[in-house]
């Protein structure tokens, strides 16, 4: 669907649901809302302006006469559709920009460097019978503790494996994933032998960006004796790949058409057989 058609639908929805009582308003413009399909796509705000304080458009806008359900006429200005200069989507261009900025910042710390504060102490998570201990770049342990911190049962889910980690991160890319869902992984292998498979336990530790404190947020068994442990880390948010792309924001301005101008415009439209789009009253 072309962007003009999408914007037209947004304006129609706004006109259908909005009442325009200019004399009762404190502010000259009436902001209906912000529209966007996701946090990467451009955001569009729609503002309705009264006759005595109209919007003055530039040359880069398209205009269209619209009717609301009360028959009031508005001249709305929509951003012109940009001609595609490449086969890339706006999301891909955003990602490409982030990658280029990342490469240009020579002193930018890598995700592993940003994770170093986790080495200061081990993190724990309690889930029912079991407790889980994560010691950064050392090991992940599953244990059951009773009175006075007495360990009565324990399994090592894995010890840090730098070679397996490097190989894993070479084959997995999060560039196409929304920044809020990206994570950086470390692989821990050679854990306690699994009774069901006869192989050592393994765990993938997934580090995610979170502004709150560092903590283990979840532990999942992906398959028999193979686990995924999620750790949130505030310092990881400093890396561009884990920062949310800020979408471009546009405002669609709709000027109330004065009665005199409305009559003139009606005659012109009838002469060229151009009628405004009517919005059905629901």
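Positions of Cβ are set from backbone N, Cα and C atoms, glycine also.
Which of 241-261, 262-282 counts as region 'Disordered' depends on Swiss-Prot, and there it is 262-282. For the disulfide-bonded residues 122, 209, 225, 237, a Cα-Cα cutoff of 10 angstroms around residue 195 (mannooligosaccharide derivative binding site) retains 225. Counting residue by residue with DSSP, the domain 'MRH' (120-239) contains 22 helix, 63 strand, 35 coil.
A gap of 26 Å separates the Cα atoms of residue 221 (mannooligosaccharide derivative binding site) and residue 237 (disulfide bond).
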